[in-house]
């Protein structure tokens, strides 16, 4: 009688949460307690020269707990969820091969989802079709594009705001390339993550606490030279406000200030508001997440102990 061997999956840890929730501090503490190596899951931290406005781990934090997938790309270059999944899987394999546990920490929920569930078979971007859409938008307005999308993909049109040209263009582009709606294609599952994943979400129980942290951190960034950081990017000449890097919260608002569209006080106000809106979207994602252990960022020791207990069980 032959024995059926069950393959034991390697462990991985997800530490997710909204911006300014204390993820980095907890990840560094876990690095001192567990055989983990960190992988950043953040669509802003990938860019070089964008340190202050992204709250990128500083030299001290990086020396305590080196993060992979930080500073891997110039701000002029694109980076997709598919790129992240490929890079993250490679990093996870290397960490696991060294006998350690990958600890993935960040707030870009789309990246976590792509890694956990795999990617739907969406077609690659087509510059010609994208140009046609943008030409039509220039002539008729993005509202017309939104109406066209609603006729072929009402679910996506309901989700995407008429003033969001990037997502509108992509959703319509997918249909024009494939003949199928983005909604239909995203229901097709990709390759699941071959790891035993322990998932944690950290956030304050009181949203007002998070709002206060966000405001304090944004003002601290300004004190630390955020304006000069964005000015260096602005003066390069090859970057513009439609790039994903410059659309990052804080950077977009500072860019508008440097270009003379808004004054300084308005930049601060919009930057704080945009960061709060980002945090709200991140929390909304997490509330719909399955199999996640919630941690209170106001009780650091309890959060640390909870992770240690769950992972060691």
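Glycine is no exception: its Cβ is also placed from the backbone N, Cα and C atoms.
Annotated ATP binding site per Swiss-Prot: 17, 18, 19, 20, 21, 22, 23, 24, in sequence order, evidence recorded as sequence analysis. Residues annotated as substrate binding site in Swiss-Prot, with sequence analysis given as evidence: 19, 20, 21, 22, 23, 24. The region 'Interaction with substrate tRNA' annotation in Swiss-Prot covers 42-45, 166-170, 247-252, 280-287. Look at Swiss-Prot and you will find 108, 130 tagged as site 'Interaction with substrate tRNA'.
Residues of the region 'Interaction with substrate tRNA' (280-287) grouped by DSSP class, helix first, strand second and coil last, total 8 helix, 0 strand, 0 coil.
Other C-beta atoms found within 10 angstroms of the C-beta of residue 20 (ATP binding site) number 25, with every protein chain shown included. Listed in chain order, the residues near the substrate site other than 19, 20, 21, 22, 23, 24 are 17, 18, 25, 55, 107, 202, 297, each with its Cβ within 8 Å of the site Cβ centroid.
Here the candidates are the binding-site residues 18, 20, 23, and by Cα distance the one nearest residue 130 (site 'Interaction with substrate tRNA') turns out to be 18. Across all of the region 'Interaction with substrate tRNA' (280-287), the predicted model scores a mean pLDDT of 95. Residues of the region 'Interaction with substrate tRNA' (166-170) grouped by DSSP class, helix first, strand second and coil last, total 5 helix, 0 strand, 0 coil. For the recorded positions shown (23, 130), fewest C-beta neighbours within 10 angstroms: 130.
Across the fold, the C-alpha of residue 19 (ATP binding site) and the C-alpha of residue 108 (site 'Interaction with substrate tRNA') stand 9 Å from each other.
The Cβ neighbour count for residue 22 (ATP binding site), using a 10 Å radius over every protein chain in view, is 21. Counting every protein chain shown, 22 other Cβ atoms lie within 10 Å of the Cβ of residue 19 (ATP binding site). Within 8 Å of the centroid of the Cβ atoms of 17, 18, 19, 20, 21, 22, 23, 24, where the record puts ATP, the same chain has further Cβ atoms from 107, 202, 203, 297. Across the structure, residue 23 (ATP binding site) and residue 108 (site 'Interaction with substrate tRNA') place their CA atoms 12 angstrom apart. According to DSSP, residue 20 (ATP binding site) sits in a coil region rather than a helix or strand. Following the DSSP three-state reduction, the secondary structure of residue 130 (site 'Interaction with substrate tRNA') is helix.
DSSP assigns residue 108 (site 'Interaction with substrate tRNA') to coil in the three-state reduction, placing it in neither a helix nor a strand.
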